[in-house]
Amino acid sequence: MAALGGDGLRLLSVSRPERQPESAALGGPGPGLCCWVSVFSCLSLACSYVGSLYVWKSELPRDHPAVIKRRFTSVLVVSSLSPLCVLLWRELTGIQPGTSLLTLMGFRLEGIFPAALLPLLLTMILFLGPLMQLSMDCPCDLADGLKVALAPRSWARCLTDMRWLRNQVIAPLTEELVFRACMLPMLAPCTGLGPAVFTCPLFFGVAHFHHIIEQLRFRQSSVGSIFLSAAFQFSYTAVFGAYTAFLFIRTGHLIGPVLCHSFCNYMGFPAVCAALEHPQRRPLLAGYALGVGLFLLLLQPLTDPKLYGSLPLCVLLERTGDTKAPLCS
């Protein structure tokens, strides 16, 4: 919520049914109402998403296939209906994006190939150290590993694994749709693009606190450890959410954040402690450092908006009077 204060605040008014000049989207009667509508809409989406996981009463743990299947159903329903929240927001605020709702949410063909490949490449560069670590610890060589990874039988086995489907497909797709594609268009006119990158992930991070309920319920650890783990998870999910929000804004596509989310779910949090104790510690730590350095060096060039065509969120802000959004260039 703190991102709604200070210089980042853009106070928008609610437009009347009759058409107004585009510049009238700023100022006028009811200052700040758009921001409250935006925040309430995002909070409603986050609560609906998390709440959908608990509409099924079960004594089974979250990783049980039956629980995962039921949650697939409810979360897919909520995610499919989430664009209606953006549509309602548009009607309540009177903001006209200047593009279709699907385009605003990152469903478009212009620049789709670089939007799918370059953000994923950038994320893999960041994970250079963990990828080296995975390769060193793998008993098979690279050629054998690729054969297994590309084998139809391996993919068929994955598609019947409920945990794999949840972590690699359903969670990345639905979470990026709800927490990035739907929330960012509603927050950006209120806070501006920069603050929206850091405000949007707060909803994403808080949404992951529901794991505390299940850990306490099944006594998976001590209470202190559970809350410490939750705080850590909130921190890195918020950082990751800021990164995918940045990708969404800079590319104007949803596919890049979804693929990066899936890749990061597969890799997990980097095992830095294990790297420090690894037999080949020096080259491994060099890989970690090189990956971070190259990531920072290539972050701006590989997300240059010129590679992806017109950016819907930037068009939206131009129509609301903000022509100085630094993420748009």
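Residue positions begin at 1 at the first shown residue.
Yeah, the Cβs are placed from backbone N, Cα and C, and that goes for glycine too.
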Quiz item: Looking at 35-56, 255-276, which one does TrEMBL call transmembrane segment?
Solution: 255-276
Exercise. Quickly jot the same-chain residues contacting the transmembrane segment (109-128) by Cβ under 8 Å, restricted to those at least six beyond its ends, or write none.
Key: 247, 251-253, 255-257, 259-260, 263-264, 267, 270, 287-288, 290-292, 294-295, 298-299, 302-303, 307-310
